[in-house]
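Copied from Swiss-Prot, the annotated features are:
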- ASP66, GLY67: Mn(2+) 1 binding site (BINDING)
- ASP66, ASP270, ASP329: Mn(2+) 2 binding site (BINDING)
- 35-338: domain 'PPM-type phosphatase' (DOMAIN)
Amino acid sequence: MLRALARPLERCLGSRASGDGLLWQSELRPHAGGDYSIAVVQANSRLEDQSQVFTSSSATYVGVYDGHGGPEASRFVNRHLFPYMHKFAREHGGLSVDVIKKAFKETEEEFCGMVKRSLPMKPQMATVGSCCLVGAISNDTLYVANLGDSRAVLGSVVSGVDSNKGAVAERLSTDHNVAVEEVRKEVKALNPDDSQIVLYTRGVWRIKGIIQVSRSIGDVYLKKPEYYRDPIFQRHGNPIPLRRPAMTAEPSIIVRKLKPQDLFLIFASDGLWEHLSDETAVEIVLKHPRTGIARRLVRAALEEAAKKREMRYGDIKKIAKGIRRHFHDDISVIVVYLDQNKTSSSNSKLVKQGGITAPPDIYSLHSDEAEQRRLLNVLY
């Protein structure tokens, strides 16, 4: 009886995936151009990944925000970025590259302002940041914007070839990670007089020996040299000597018209891509049913993480959050199907304004319903 009563709520808010108390999913939902599936697995003591999808009859917004140093920055982006995009799109007559850049800039500036105000009480906020991956589909045009190393991958078929025979994986985002030689060169070029700007420590390249990503929301102490001289931050924070910003919040943005051979998009935090290649992820989506496909990708990544430790997936599921971070990162996945025949006005009108925000912490069992209502009121 109780299980039957719970099913409608799970269809609305999403549910824990069977067998893993730290894995949450929403199996399949409609958007104006097809369906989407979302799943999250928690590894950290506090979930640092945040993710969301909002839909209307004319547009679909997708966001994956991979926090570091704590969840504050990713939660902030989760609350503010989409409302800014919607506000500026209305002011400028629709979505555009400039609208997206303006929304990112406003979100960054507002977060930095909050950090400055909270510095006397919470100086550690200056060390919190978040990668930021956004996808937006409007009028058959796709926008992908990102900061950091979350990734968007397109699965498509070659024109005239049966999709059952395979799909091509195309990476749409740029990894802003100093593990990539071109990114290291970019960071060094912006800091030519700092021989310590990129260091190889603990087996990987890091900016100032601390962080791998070169672009983010937040990480104020690596963007604003004045924090090094601030007495409060010197006493209670982690002052890093800087001559100029070591990181930026300038997103990489691509724009493309969707084509009939474009089948689906995969948006995911780097916790997924650490274990699965672009090609493997696309193959999994292509060969399996839609329902629960995001969870299937998460499970595939966890199985790979288990193999690396000579364990089984069942063993990983038993590990508590916090300790589990030693085996894998938080992972967020959103799969968006692109059904060209559903983009007609008659079909898109059937899609209600709405969407879903993943839980701020999987332990809470459900998405933040009040926060979701607040965002919907702002957006619509």
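Glycine residues also receive a Cβ, built from the backbone N, Cα and C atoms like all the rest.
Taking the binding-site residues ASP66, ASP270, ASP329 in turn and counting surrounding C-beta atoms within 10 angstroms, the largest count is reached at ASP66.
Separating the Cα atoms of ASP270 (Mn(2+) 2 binding site) and GLY67 (Mn(2+) 1 binding site) is a whole-number distance of 11 Å. Mean pLDDT for the domain 'PPM-type phosphatase' (35-338) in the predicted structure: 93. The Cβ of GLY67 (Mn(2+) 1 binding site) has 29 neighbouring Cβ atoms from other residues within 10 Å, across all protein chains displayed. Annotation note: ASP270 (Mn(2+) 2 binding site) sits in a helical segment as assigned by DSSP. Cα-Cα distance from ASP329 (Mn(2+) 2 binding site) to GLY67 (Mn(2+) 1 binding site): 11 Å (rounded to the nearest whole number). Each of ASP49, CYS131, ASP149, SER150, SER269, GLY271, LEU272, TRP273, GLU274, ASP330, ILE331 belongs to the same chain as ASP66, ASP270, ASP329, is absent from that list, and has a C-beta within 8 angstroms of the C-beta centroid marking the Mn(2+) 2 site.
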